[in-house]
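Engineer: In case it helps, TrEMBL gives these features for our protein:
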ACT_SITE  Glu79  active site, proton donor
ACT_SITE  Asp226  active site
ACT_SITE  Glu320  active site, proton donor
ACT_SITE  Glu338  active site
COMPBIAS  754-767  compositional bias 'Basic and acidic residues'
COMPBIAS  782-791  compositional bias 'Acidic residues'
COMPBIAS  798-816  compositional bias 'Low complexity'
COMPBIAS  832-846  compositional bias 'Basic and acidic residues'
DOMAIN    621-708  domain 'PA'
Amino acid sequence: QEHAYPADELMPLTCRGRVRGQEPSRGDVDDALGKFSLTLIDTLDTLVVLNKTKEFEEAVKKVIKDVNLDNDIVVSVFETNIRVLGGLLGGHSVAIMLKEKGEYMQWYNGELLQMAKELGYKLLPAFNTTSGLPYPRVNLKFGVRHPEARTGTETDTCTACAGTLILEFAALSRFTGTSIFEEYARKALDFIWEKRQRSSNLVGVTINIHTGDWVRKDSGVGAGIDSYYEYLLKAYVLLGDDSFLERFNTHYDAIMRYISQPPLLLDVHIHKPMLNARTWMDSLLAFFPGLQVLKGDIRPAIETHEMLYQVIKKHNFLPEAFTTDFRVHWAQHPLRPEFAESTYFLYKATGDPYYLEVGKTLIENLNKYARVPCGFAAMKDVRTGSHEDRMDSFFLAEMFKYLYLLFADKEDMIFDIEDYIFTTEAHLLPLWLSTTNQTVSKKNTTTEYTELDDSNFDWTCPNTQILFPNDPMFAQSIREPLKNVVDKSCPRGISRAEESLGSGPKPPLRARDFMASNPEHLEILKKMGVSLIHLKDGRVQLVQHAVQAASSLDAEDGLRFMQEMIELSSQQQKEQQLPPRAVQIVSHPFFGRVVLTAGPAQFGMDLSKHKAGTRGFVATIKPYNGCSEITNPEAVKEKIALMQRGQCMFAEKARNIQKAGAIGGIVIDDNEGSSSDTAPLFQMAGDGKNTDDITIPMLFLFNKEGNIILDAIREYEAVEVLLSDKAKDRATIFKGKMIPNYIIDSNLEMESMDQKLSENDSHKQNSEEATSASQDVGAVSEEPEEGESSDLTDHESLPPADADSDSISISNQDSLVPRTNEASALEPACTQEDHQPQDEKTETESNSKVNWDNKVQPMESILADWNEDIEAFEMMEKDEL
């Protein structure tokens, strides 16, 4: 409210609201924004859970008075349903509960429900398809396929997008007595069920909304499918319709048969479910242990949750995706709540205080690494600790809710949480809806379902009592073998061959297992139509000829093998790129809370080998482009020099500031408005000459991030920064120095949590922060051709240094063909990190002026807001978390 209202989301680094159309487009992510005060609506029932009833009452009045749902804007049907429709229904649910109690909301007359009904009707045009599956997007004002709607031409949607409607739409029908919403949601679910792959009982990730054909035929429990399974089980709980439970059980049996490889959950192909579709997992699957608890299957829930926790302990947060040997695949973390959700459900089911320790770790990491002056910032890269100017609405809607409930006792709650079911956005819907306005007739479809082993479902939908009251060590006994799974091993999961104990046909050869010196492997390749060509330089080239395979199935296996080999080879190339670095503002009043993502240089000090980094006050050089001798060396000496990109080579700038006595340098992009949020990072290349003479660290900041430092200098003259390979813990930054009391106080002490932990005789699990070594590569320097005005080269178009060792060649016969010296070169190493692709840029001969204008909030205002935040930290310790 203070910084962003009535915008949809808060931008916590620049302390302002994110308004769609006024910020650079982020693609599909922005489809959640509809100029309807998204975060406020999404957070309504969270306020009541946190016992903030007065604030809730004020928030509801704001929603009723200010929110407009008739905007000419295209939004995601899925996101609008779970966040806005769900938020309005959750708000209505707790509003009528409070009104019934007699103290608050006495004026309330169902206004939120009326808004929910209005929004429901605005979403209905999306269902105007022959299949009943909704279009993925809808215009709030003009619907779909209208000339002014600017949407309705899409052909595909994700399974979760079409299958995560039944709770909100059915609740809307039950609350209002208008059956059309529940009917449309049921029809979409029925269609997906009919289109499941009948032999495996799995569903794909995306489906054609007109034909029902699967577009992406891989299947898992993460992104694109996750909440479809969740809503089948929860629809049974909320609506009491047995058909939903039978469908869920059928799918769950398939998941445990094919996808679950404890503790991993790996995507497979729906037509060939014994084949893994990829070698990495995405963070959205972290919800699945919580769903398994609701289903009553505790052991695999504990195993997967523990594996995820070990990944979190390594990186402080769960990366958006990580490989089967626990390396970072996608490094972002937008403060997703799924792991906290599963932690809450596991604690409710087992009563094991270990899960309170897990929750405490989550809160400590949020306060230590994500908290910034105006809120909590998403992590742009969990390896460096750099931030993104983003705080999604689900952070307040879900993360705060689940963490509070994890530690709350019954007497801390003003209502019984067991009377409600959580939607996928953690909104509360009352269970009494199951007996209200049952307008949809239930047909008996039991004969459609596969006969399953009943023992698998003994614990389906358990009550709220602890499942194992007589065995408090049950969960610990399952966790124990997994506690070192990330740091001390490279597990691949149980192979299909091991599972079958030799029975049945042999599983196909996997690329990760291939050994060029193994005669049996060579024979399998021959059968799959894959031939080896020994090149003169000693490398081996693989080529597939599908017509030479022993059968069509073998040809399929061969194609899959080649795809896996290409992916492994691509991973190796990524590993040879330098990772992003961090610029951390450590002076008063920042104290390490602001971390900026920086591009590395392929010359100068290697910050990955100097873990302490380089720390110093910043100074702007003259001339600002740094392309000639520095004229203010007295201001630059023993400081970190700030300079603008352009007019000469990066290496020339570095030599000039080093000669002037600078201990490091930061190059700021001259392209106004550029930001690491919307552009890929790149590495600063050398000048084609020997750069061994450059010994100071050099980093690159885009214009937006650079302006944060420049603005701080103007408002607060002395600004000290730390250049490092990753953000440092504030305790490390201020080791041996006096830290202001209010900074110490701002870290969450969690007295109530410690008290609760001691009551449970819990022992704090201390673990050293795990760090990963990054493989360094030789600098690749490109000298600009004479006469060129620009030398901007995409890094992906350049070979890595020593490209011959693991390049990818293109065969003119069938497919991309990976090459490798030895099979062992394709084996991923446990200690290596995957790094995001970065563009390599070389300075150009372009003229540009220093642009001191910026769109961020003035530093004076930010500091004033920050001082208020600091005073409120102690209150937030008790009230919010």
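Note: Cβ is positioned from N, Cα and C throughout, glycine not excepted.
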Engineer: Among all protein chains shown, how many Cβ atoms are found within 10 Å of the Cβ of Glu338 (active site), not counting that one?
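Structural biologist: By my count, 24.
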Engineer: Please work out which residue of Glu79, Asp226 has the most C-beta neighbours within 10 angstroms of its C-beta, and give that one of the active-site residues.
Structural biologist: Asp226
Engineer: Under 8 Å Cβ to Cβ from Glu320 (active site, proton donor), same chain, six or more residues apart: give me those in sequence order, or none if nothing qualifies.
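Structural biologist: Once residues fewer than 6 apart are set aside, Glu320 (active site, proton donor) is near Asp282, Ser283, His329, Trp330, Ala331, Gln332, His333, Pro334.
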Engineer: Roughly how many Å lie between the Cα atoms of Asp226 (active site) and Glu338 (active site), rounded to a whole value?
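Structural biologist: So the Cα of Glu338 (active site) lies 11 Å away from that of Asp226 (active site).
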Engineer: Can you give me the Cα-Cα distance between Glu338 (active site) and Glu79 (active site, proton donor) in Å, rounded to a whole number?
Structural biologist: 16
Engineer: What is the three-state DSSP composition of the domain 'PA' (621-708), stated as helix, strand and coil residue counts?
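Structural biologist: Here the numbers are 20 helix, 17 strand, 51 coil.
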